[in-house]
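Asker: Annotations per TrEMBL:
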DOMAIN    A:69-123  domain 'Translation elongation factor P/YeiP central'
DOMAIN    A:131-186  domain 'Elongation factor P C-terminal'
MOD_RES   A:Lys34  N6-(3,6-diaminohexanoyl)-5-hydroxylysine
Amino acid sequence: MASYNTSEFKSGLKFMMDGDPYNIIENEFVKPGKGQAFSRVKIRNLKTGRVVDKTFKSGEKVEAADVMEITCEYLYTDGEYWHFMEPVSFEQFQASETAIADVKNWLKDQESYIVTLWDNEPLTFTPPNFIELQITECDPGVQGNTAQGATKPAIVQTGASIKVPLFVENGEWVKIDTRTGDYISRAKES
Amino acid sequence: MQWQPDGDQQSRLARAEMLRDIREFFYQRQVLEVETPALSQAANTDPYIDSFALVTNQTRYLHTSPEYAMKRLLASGSGDIYQICKVWRAEPSAKHHNAEFTMLEFYRLDYNMQTLMTEVDELLSQLLPSLKKHSNFHTYASLFLDKLGFNPHTIAEDTLKACVDKYVPEFRGELDHQGCLDLLLTHCIEPKLPNDRISFIYDYPATQSALAKTEQVADYNVAKRFEVYVGNLELGNGYQELTSYEDNAAVLENESSVRQQMNHEAVPIDQRFLSAIQAGLPECAGIAIGLDRLLMLKTDADTIKKVLNFSWENA
């Protein structure tokens, strides 16, 4: 089994601890003037999503997690599972509500997502940084009002609530930054 | 491909000013600037410091501090000396660490730990004028007593392990006695040192003496060694130097055998250094100070990278 030494720790590295896969979010090396050095890490449990702090002695080894990332397209949900397809092999797989919780607001048919698989089970989904979605609910647009910063609430086709400028109309398509949930611009119907 | 420097022009100006101020400080005090080789046939035996080895037809080691060579100069009658040089330690890059960094090391004849701390306080106060006056001076024991409620020199093994479980529950793994103290120091004590003034920690456990003299205090021995900090940023490590040949040789041999137990690479002991000590090292005290970290404080940088033109990854 492959392993990592603490000196290889960096954000994004995935390893096993107590039978669960973890992803390193932050890594800090601390050392007293003389003596034992330590690696302090902030890590996310890829199964539960929980973030915990851990400290290891420098030089300790951890077991690498057999995790891989693939790109796949979202197909549909049957209410219980969410179905995806790997576009090269056409292989389909399903994900539970826990696995898609973080990406649920940004799930759109035929859009591509990065999926982290562990033992061939999907653990996490990462949406594209920008996504175009249709507004399904918002107050009528106020024409001519392009004042900077003035916004109103809107709901998009996935059910996510966002803030849009006053001039945006119901039924329009908008471009959204999925990392922040911020409106970026109007978009053409896609 | 990144080719631009990490640090900005401001950091370059601040570095040039700092170097000039340091040289002026020692010129005023008649301390002589010296140079010693960066590549040596021997290496630092400290089990927690790893040297870079350069293998050609004969292995050479990049120095991790100029200590051994400067002590050879002291033994040859150089008098008070200082050096500003690059040193290398095989360590991962981090907020406060770059494997190649700039060190100021100096030695003062007939100084003891106390007089050296006073001089370091004067030097750092001049280099970092925005810090509050009246630096803090704590013994290692008093910090553990204040923050964690036990004496680190006398605590029993099982009580210490229980403290680790209580105060650093996120730790995973096994530690020896000193490792537990190092963990508590770095996780519970260093983060509480004030950011706006200099803190000195002195009288370390005798097992942490390295090449410092030891002295009996109450019913235990302490090392006449100190560390100087601003906030949790450790700036320097000072010693009242061990002068006896037997004691110096014993330290290096002990460090070598600990390296072996820890399965770290064996390195050649500096026999020229030991010969110099045998010929006679004058009573002195010395310190190594990390200048890049000092510059971080001077320029208000939160990572060491910001004060380096080309950090490890960009070198």
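Including glycine, each Cβ sits where the backbone N, Cα and C put it.
A TrEMBL annotation is a machine prediction, not a hand-curated record.
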Asker: Work out the three-state DSSP category of A:Lys34 (N6-(3,6-diaminohexanoyl)-5-hydroxylysine).
Answerer: coil
Asker: Summarise the domain 'Translation elongation factor P/YeiP central' (A:69-123) as counts of helix, strand and coil residues per DSSP.
Answerer: 10 helix, 27 strand, 18 coil
Asker: Within 10 Å of the Cβ of the residue listed as 'N6-(3,6-diaminohexanoyl)-5-hydroxylysine', how many other Cβ atoms can you find? Include all protein chains, please.
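Answerer: Summing over all protein chains shown, the residue listed as 'N6-(3,6-diaminohexanoyl)-5-hydroxylysine' has 19 other Cβ atoms within 10 Å.
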Asker: Mean pLDDT across the domain 'Translation elongation factor P/YeiP central' (A:69-123), rounded to an integer, is what?
Answerer: 90
